[in-house]
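Trainee: As listed in TrEMBL for this protein:
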- Ser119: active site, charge relay system (ACT_SITE)
- Asp197: active site, charge relay system (ACT_SITE)
- His231: active site, charge relay system (ACT_SITE)
Amino acid sequence: MKFSVINGGCGSNEKLPVIYWLSGLTCTDRNFIEKAGAFRAAVENRVLIVCPDTSPRGVDIQGDSDSWDFGKGAGFYLNATQEKWAANYKMYDYVTKELVELVEQTFQTNGKKAIMGHSMGGHGALTIALKNPGMYTSVSAFAPICNPMQCPWGKKAFAGYLGDNQEQWKAYDATELMKGLKAAPFDDILIDVGDKDNFLTAGQLLPENFKAACDLVGQNCSLRMQPGYDHSYFFIATFVEDHVKFHKQRLSN
């Protein structure tokens, strides 16, 4: 598995906090590095930004390249249980265990972590943060898939990777995870969505469902609908500095 890193320490021996970035469908570890324009924000806020790939590579499984929203480039940050996929598609374990260990062994880090992502990666960031209380100081997302059990992308991925048991699906659905909490795990969750995002209007993102679940448990959620923006990296590049600052404030506490 490849991953890319923005080193905000500029090669110094300073121990830095880490922000993990999870990318969306069809992406690799390079999309954020090349398109988000996050280098200045990383340096100014003295953070490492670590960007893993979005699925296993180097293994060919029948059907893994038949569509752009399932298989290669579409690991959905879960541990697959269906036999065909279970051996390799363990992106949840990779992001929360293997990658963290490798980063902390390789780079000068201070042990503090935050997580953010876009689209499928926003789904991954939210679910991973909610499933691992205390592991991440903060979580944010751009146009996340907030309620995958209720949208076409999520239903397709969950059925393929997890099978038909929808109780298993709930373990990887941010809205369902939030509903199951008894108290708010974060002081705030920052989510940006463009109001011209075609996937928002197509019912793939459902941020309103996640916000309603947050309200039920008293979790602050700063859901910002950004006028005129779509689902692209131009949208991410516009607001990425806000997200890095959001995390650095909490990583510094």
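Don't overthink the numbers, they just go from 1 along the chain as shown.
Glycine too: its Cβ is placed from the backbone N, Cα and C atoms.
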Trainee: Long-range same-chain neighbours of His231 (active site, charge relay system), Cβ under 8 Å, sequence gap at least 6?
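Mentor: In sequence order, Ser119, Ala143, Gly194, Asp197, Asn198, Phe199, Leu200 meet the Cβ cut-off.
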Trainee: Relative to the Cβ position of Ser119 (active site, charge relay system), how many further Cβ atoms are located within 10 Å?
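Mentor: So the number of other Cβ atoms within 10 Å of Ser119 (active site, charge relay system) is 25.
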